[in-house]
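Undergrad: Can you keep this structure in mind? I'll have questions shortly.
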Amino acid sequence: MGIFIEKNNESSTIIKRTCNIFLFIPYKKHVQTLKIKNKNKTKKFLNFQFKNDITFNKSDIKILFNKNDNSKSAKKILSQDNKLIALFTALAPNNPKKWVTYFDNGTYYIPYNFDITIKNYEKNLVIKCMNIIEQHTCIKFRQRTIESNYLDIQSKIEQGCFSYVGMRGGKQIIQLGSKESSTCFLKRIVTHELLHSVGLYHEHMRKDRDDYVIIHKENIKEGTEVQFQKIIGSGVSTYNTPYDYLSIMHYGKNFFAKNDKLVTIEPKDKRFLNMIGKRETPSFYDWEKVCKMYQCEICNNNSYKISNKFVYFLNYSILTLIKISLF
């Protein structure tokens, strides 16, 4: 059985239907396997990688929260360390953190610099991930010359993998640190961090997430609760995209759990339980959010014009989305 989702622009609703006329064939190269023999090490490895995945400071609270928010959620964020996990799905259209300073002929440029801690083979992987983003959006990365706002890509040991969301101004660090038993230099992790810098937050923190996932607070490691916080603010937007279990920005089922056997994020659609957090490349909706955020004329190598109806086939075997137009 397959599932397709019909998007109706007039009502902006998502209608799910089942069908049995399509055959999905597994294709192994689309499924990433972490090459770590010890299962316990794998869990620790993932938690290390995303320990401080997104960095923001107190000035961001005015954007992430409603202006006069005095809620417990807001106060909890303010009391935490400034290196935190993301809260939303994407920067809103009017958010000043977008990279709009360097623009030419429909393309937004993000200058970058490689720190001396980055090895040549690591540079090659980062550039490949940049190319993936460039091929699907109107964002281009270019080596910094004299630009005052730029990404500084570093790999300092024991620092973990993290990035600011959007443009901070000045020298902006993307940290791809490592430990003896782990590395940030996997395709999906580097792409994930680059997309944070472009403007994407985490899928599982969006305002409608309770309709799609269950957050098991009792299983969350003490001190990391804020990473599962759902917050509604004027500085972010879902761009009317459906909740995407297969987003590269979605966390896995037991990230930040008290132990390896506990689940912290449980999809209400159980078929996605072992799929969330394992995406190697961005999904269709990841690209759609970036394209809408920057009003790209070209997206996914096509003119970005959504016709009245599309059908999105979810291929559970290869974790990819295939877009087919209805005629």
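First residue shown is number 1, and so on along the chain.
Glycine too: its Cβ is placed from the backbone N, Cα and C atoms.
Sharing the feature lines straight out of TrEMBL:
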- E193: active site (ACT_SITE)
- H192, H196, H202: Zn(2+) binding site (BINDING)
- 89-297: domain 'Peptidase M12A' (DOMAIN)
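Please situate the listed features within the shown structure.
TA: Within 10 Å of the C-beta atom of E193 (active site) sit 26 other C-beta atoms, taking all shown protein chains into account.
Around H192 (Zn(2+) binding site), a 10 Å sphere centred on its CB holds 26 further CB atoms from the protein chains shown.
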Undergrad: Please work out the number of neighbouring Cβ atoms within 10 Å of the Cβ of H202 (Zn(2+) binding site), leaving out its own Cβ.
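TA: Taking every protein chain into account, the count is 24.
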Undergrad: In Å, rounded, how far does the Cα of H202 (Zn(2+) binding site) sit from the Cα of E193 (active site)?
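TA: The separation of the Cα atoms works out to 11 Å.
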Undergrad: Once the DSSP letters are reduced so that anything not helix or strand counts as coil, what is H202 (Zn(2+) binding site)?
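TA: Going by the DSSP assignment, H202 (Zn(2+) binding site) belongs to neither helix nor strand, so it counts as coil.
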